[in-house]
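Among the features that TrEMBL reports, compositional bias 'Polar residues' is placed at 1-10. As annotated by TrEMBL, region 'Disordered' applies to 1-22. As annotated by TrEMBL, transmembrane segment applies to 33-53, 65-84, 105-125, 137-155, 160-178, 190-207, 219-239, 245-265, 277-296, 302-320. As annotated by TrEMBL, domain 'EamA' applies to 36-177.
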Amino acid sequence: MTYSKQSRISTPPGPLPTAPVVPEKATARKSRFLTAVAFAFGGIGFWSTNALAGSTALKELDLGVVLTLQFASATLALAVIVAAQESRRRARPVRQGPPLTRSDYLRSGLVGLIGFCGTQTTQYVGFAYAPIVESNIIAYAWPMFAAIWLAVTAWSRRTFVGFLFSLLGFLGVAIMTVAQNSGSGGGSPLGYVAALVSALCMAYYTLASGAARAPATYGMLMGGVVGTLLALVIAFSTTTDWDPSLAWLAMCYVGIGPCAAGFLLWSAGMARSDGRLAPLGYATPVLSTCVLLLSGRTFGDASAAVGAFLVLLCTVGVLVNDRLSGEQRL
């Protein structure tokens, strides 16, 4: 019995052998992951110095100048990044999904306006009017609000645990506020409220940015432009000293470093690790607090320290609980 050439090809005698694992591919994956780790820690490193650089500048500069330098330098850096990305896209076109609509750009702009402009503006108002260690911890306590939102919209045992952690965080804020009002702490209630609003804005950014189809850099660029204009309004509506000093360099560093480069490095790390390195972000509030304490900053008093510890415990607890749930919404 004879077989045609086609029949011999279409009916192989057995299963095809599996290709052996190429060592080069495993090495490439390892190299990619290590690069992702370096990028992620680079972003965290920038973020951890934000409060120290900002509080140092606020000792010499008015709030309006601080915000103007921060937003202007961040916007310029983001504009360069966006221009480079657009140039690369034109040089090497890739297949894309459905075209972006005006609604997509508006939604991304709103996320940038609240998440970037709102977060940074209110954060620095908090730094200016409340003790830096306490206001920094509160501003990083955005998981408090995110946990409440998830408990309301997607009730489960895990979200209930997150809700309990958020109550612990609000208790910490209350303790710090009472300490301030009793005279044992320092600062103004405006600072604590502003830090809370900053955390609320960051919670919105965290929950809404995932649904935005337009590039995140677009939203941040829009938020940076609005933030610069708002900062100029604040600066020129108050008594402001525009004399250049070394503190200007500190705020330009904040804009280019923690704001622009920190965001870019963290995004690159998440992309190269498929999000597996997201838990590293939990270290940011802890490291930023350690940087402040090592630089000589202190808590207002023992009560403020207890309240700050509760807020910090809430922040890490909510994020770890979210990670253990397997849904990873934060």
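Every residue, even glycine, has its Cβ placed from backbone N, Cα and C.
Outside the transmembrane segment (190-207), and at least 6 residues removed from its termini, the chain residues within Cβ reach (under 8 Å) are 111, 114-116, 118-120, 122-123, 125-131, 134-136, 138-146, 149, 173, 176-177, 180, 329-330. Across 33-53, 105-125, 137-155, 219-239, 245-265, the stretch most heavily in contact with the transmembrane segment (302-320), judged by Cβ pairs under 8 Å, is 137-155. Contact counts against the transmembrane segment (65-84), taken as Cβ pairs under 8 Å, peak for 245-265 among the stretches 33-53, 105-125, 160-178, 245-265. Sequence-distant contacts of the transmembrane segment (245-265), counting only residues of its own chain at least 6 positions beyond either end whose CB sits under 8 Å from a CB of the stretch, comprise 39-40, 42-44, 46-47, 49-50, 53-54, 56-57, 59-61, 65-66, 69-78, 81, 116, 120, 216, 220, 224. The DSSP breakdown of the domain 'EamA' (36-177), given as helix, strand and coil counts, is 119 helix, 0 strand, 23 coil.
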